[in-house]
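This report concerns only the one structure given below.
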2 protein chains.
Amino acid sequence: MTHLKSTPPRRLHLNVNILHSGFVPSAWRLAEADPLAFINVSHYVRVAQIAEAAKFDAVFLADNASIADQIDFRPITALEPTILLASIAAATSHIGVIGTASTSYNEPYNIARRFATLDHVSGGRAGWNVVTTADLGSARNFGREAVPDHAERYARASEFTSVVKALWDSWEDGAVIGDKTSGLFVDTDKVHPVSHRGPHFSVQGPLNVPRSPQGHPVLVQAGASGDGRELAARHAEAVFSASQSFDESLAYGRDLKARAAAFGRGPDAVKVLAGLTTVIGSTEAEALRRRDELVDLIPWSYSLTRLAGVLGVSPDRLKLDEQLPDNLSLPGQGNGNHTFFHATLAQSRQHGYTVRELIRALAGGGGHRVIVGTPEQIADDIERWFNAGAADGFNLMPDTLPGGLQDFVDGVVPILRRRGIFRTDYEGATLREHLGLARPENQRLWRKSA
Amino acid sequence: MTHLKSTPPRRLHLNVNILHSGFVPSAWRLAEADPLAFINVSHYVRVAQIAEAAKFDAVFLADNASIADQIDFRPITALEPTILLASIAAATSHIGVIGTASTSYNEPYNIARRFATLDHVSGGRAGWNVVTTADLGSARNFGREAVPDHAERYARASEFTSVVKALWDSWEDGAVIGDKTSGLFVDTDKVHPVSHRGPHFSVQGPLNVPRSPQGHPVLVQAGASGDGRELAARHAEAVFSASQSFDESLAYGRDLKARAAAFGRGPDAVKVLAGLTTVIGSTEAEALRRRDELVDLIPWSYSLTRLAGVLGVSPDRLKLDEQLPDNLSLPGQGNGNHTFFHATLAQSRQHGYTVRELIRALAGGGGHRVIVGTPEQIADDIERWFNAGAADGFNLMPDTLPGGLQDFVDGVVPILRRRGIFRTDYEGATLREHLGLARPENQRLWRKSA
């Protein structure tokens with residue numbers, strides 16, 4: 001007879017971030033890769049099906065509203081996430097579908113509607129990753145000559161997200177009656193305008209979509225700055241962190257949960273999922289070899305430019321076979337590279353790396369933490385972070401796709417299961433259920449009863 | 001031995017407009033209907049699969065950015081079309097997917113990207129129906145207190161559409177090289193900014209999506225006004241007309257093709273697809289009975305309000321068992337109901353209808369032409385219009401869905417095939433190929449060689 005437990009065990013959450021051919025910029029050059037995978041829906045569906053077979057929580061799609069990379073050397077985020085996720089949802093049954101959309105270059109009514117629709121067509125598996133979009137190229141595609149400043153972007157994002165949530169709540173659960181006998185289709189007493197008038201938006205509502213299966217799609221955010229953390233603390237239900245170290249991630253999670261508490265939200269209301277690039281080999285030496293082979297397939301001029309961009313210096317100041325220059329100045333807190341800059345610098349100094357060695361150590365330098373090793377080593381790291389509360393889960397960014405994900409699923413997942421920290425099957429049907437998040441009450445009902 | 005023909009025969013085009021449970025507002029009340037069909041992706045997929053099995057050209061989804069109907073009595077257009085069409089594309093292989101999106105409440109970069117993505121994920125089956133959105137509810141969901149006036153909406157729509165086309169052409173065909181040996185991913189000489197600076201939009205480009213399988217998605221429009229016809233003549237490749245009579249449709253098609261010629265476009269560059277609501281019975285009497293039963297299931301207060309709206313009068317001026325008032329004043333040309341108003345009035349006067357009889361004759365009054373009859377009668381009508389060039393095809397709006405479509409497919413389609421005017425199988429893979437439209441040259445290449 002098993003013991004009854006009063007609370008269910010904490011569960012590890014795993015997402016896969018489907019960045020076309022993988023996180024190492026040269027992934028498209030491998031023999032098994034299709035260079036056109038980045039615009040081939042079958043590729044994304046295949047990756048999602050591998051993740052679903054392994055019972056992952058969700059697939060995640062990043063996004064951008066410009067060509068923000070050097071396309072002569074590598075694929076970009078091209079296909080619009082919500083449409084791609086609808087395609088993925090049609091070919092899967094359980095896995096969550098989280099897509100990125102910008103609050104700076106959209107309207108709240110459209111975003112509320114698209115993600116509510118995605119929640120309906122996926123049967124309650126949708127999540128929206130809220131971003132403010134900081135690149136100049138995107139600004140210039142939407143009538144601006146400069147990027148709106150950080151505070152302005154976050155003020156708009158905060159109002160935007162509040163309006164979207166109000167629109168999602170504009171239909172009460174059960175508003176659709178559909179009584180064939182009486183002819184009553186909707187109980188209009190349960191459908192409400194939102195009547196929002198704010199500094200950035202005026203939105204009358206209601207939304208023209210009934211409340212969706214999850215109450216509303218899961219809100220995801222990745223803010224690292226002070227403004228970003230406030231936005232996450234107020235609204236986010238899952239956060240993708242870019243923490244580079246265990247201590248940093250632990251501190252990040254504690255800070256975020258304290259900020260969330262100030263908004264009256266409990267410690268389980270926000271899950272911290274840490275970004276993690278994996279390079280897997282059957283021995284550590286094999287994994288390191290794989291990493292170096294992949295990195296050496298990236299044109300060095302590309303890698304130099306990318307690293308220089310992160311460090312905020314001109315590429316000609318970096319010499320491949322010398323160490324980093326001494327006098328690098330820290331990018332501002334508003335810069336998404338702030339954390340990465342610190343970690344990169346520390347790593348470089350600690351090991352006395354040349355620029356070439358540093359680029360290899362960063363697996364090309366994607367901005368997230370990299371683990372290179374055996375399945376056992378990776379499982380150890382994940383277990384340590386998870387058990388200590390440095391993360392509730394991971395947003396995996398495999399070196400190559402689908403290969404790097406398949407290696408993770410075949411090698412790491414069985415170990416995590418043997419250790420009892422990752423599910424062997426889905427226990428629920430919705431993304432909220434996978435993440436252990438409550439279905440949100442309708443704010444309007446809640447206000448009525450307050 | 002058959003005679004060789006120098007030109008392929010003209011082909012009839014058939015789309016189905018999937019308006020949730022069907023075009024008669026009471027369709028959801030039938031015994032076989034699911035009242036929640038309007039938010040159930042399986043319903044839309046099922047309708048699309050019936051249409052694809054019958055080798056239709058496309059499914060079509062209308063759209064609106066507000067609750068623009070009386071939801072206490074009937075379903076509305078709720079799910080966002082491009083996401084729903086991605087779901088449909090995933091469950092079909094040939095049928096085109098045409099979705100409506102507004103130029104008044106979107107940004108060109110986003111729309112270019114969403115429809116290019118839909119074209120990629122569907123393998124070249126996407127179409128965009130360009131609308132300007134005339135209702136006050138939509139305006140108030142996007143920060144406006146009034147509907148922008150007709151000329152302003154169309155000026156924006158025209159610039160919007162030009163920018164979208166330029167973005168679609170910002171990558172030349174063949175720009176993606178993907179040469180694993182040299183490491184060249186994209187030939188950046190084949191990717192161009194659009195550098196648009198206009199009264200409504202400034203868009204730098206290029207789009208972050210390579211040119212899509214069809215060159216670009218098929219452009220669809222439904223303009224009836226002078227401004228609408230100019231927009232269609234300049235850009236549209238298919239037009240959904242709301243012509244109420246044979247003569248009117250013939251005149252409309254001639255006018256449109258003459259206007260298109262002024263933009264240097266040939267007579268086959270724009271296909272005219274007439275809206276057509278069908279109510280089918282095995283005898284005419286049975287079809288009429290079906291129509292009256294359906295109409296009588298609509299609450300009369302709803303039908304009166306709807307008719308009054310079209311006629312631009314207060315509902316209390318209409319008495320169910322009296323004829324229409326004498327002194328009705330015509331809505332302006334900018335009003336989408338202009339054509340419908342004329343036809344309704346003429347029909348009413350000609351037959352001496354009471355308001356109740358008129359509402360029955362209009363099958364509830366959706367604004368498009370209604371045929372009530374046997375499959376043979378409907379096939380006769382379609383053949384007559386098609387052979388005389390009053391239409392290149394039809395945008396079918398069945399009374400009920402999927403039932404009314406299934407009746408059309410089982411009853412009317414075999415007759416059209418026996419008469420040799422409708423295909424027995426798909427001859428191509430893309431929506432353009434179904435519609436007999438050429439793959440557009442890249443305007444940028446064309447400009448270079450000019």
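Don't overthink the numbers, they just go from 1 along the chain as shown.
Placement of Cβ uses the backbone N, Cα and C atoms for every residue, glycine included.
Sequence annotations record features per position, and here TrEMBL assigns domain 'Luciferase-like' to A:39-390.
Remark: A:TYR154 (FMN binding site) has A:THR132, A:GLY223, A:SER225, A:ASP227, A:GLY228, A:GLU230, A:LEU231 as non-local neighbours, by Cβ distance under 8 Å and separation of at least 6 in sequence. Annotation comment: TrEMBL describes A:ASP63, A:THR100, A:HIS150, A:TYR154, A:SER225 as FMN binding site.
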(request) Output, ordered by sequence, the same-chain residues six or more apart from A:ASP63 (FMN binding site) with a CB under 8 Å from its CB, or 'none'. (result) A:THR77, A:GLU80, A:PRO81, A:GLY99, A:THR100, A:ALA101, A:SER102, A:VAL131
(message) Test of understanding: give the count of other CB atoms lying within 10 angstroms of the CB of A:HIS150 (FMN binding site).
(response) 19
(message) Under a three-state reading of DSSP, tell me whether A:THR100 (FMN binding site) is helix, strand or coil.
(response) strand
(request) Determine the mean pLDDT over the domain 'Luciferase-like' (A:39-390), rounding to the nearest whole number. (result) 94
(request) Please state whether DSSP places A:ASP63 (FMN binding site) in a helix, a strand or coil. (result) coil
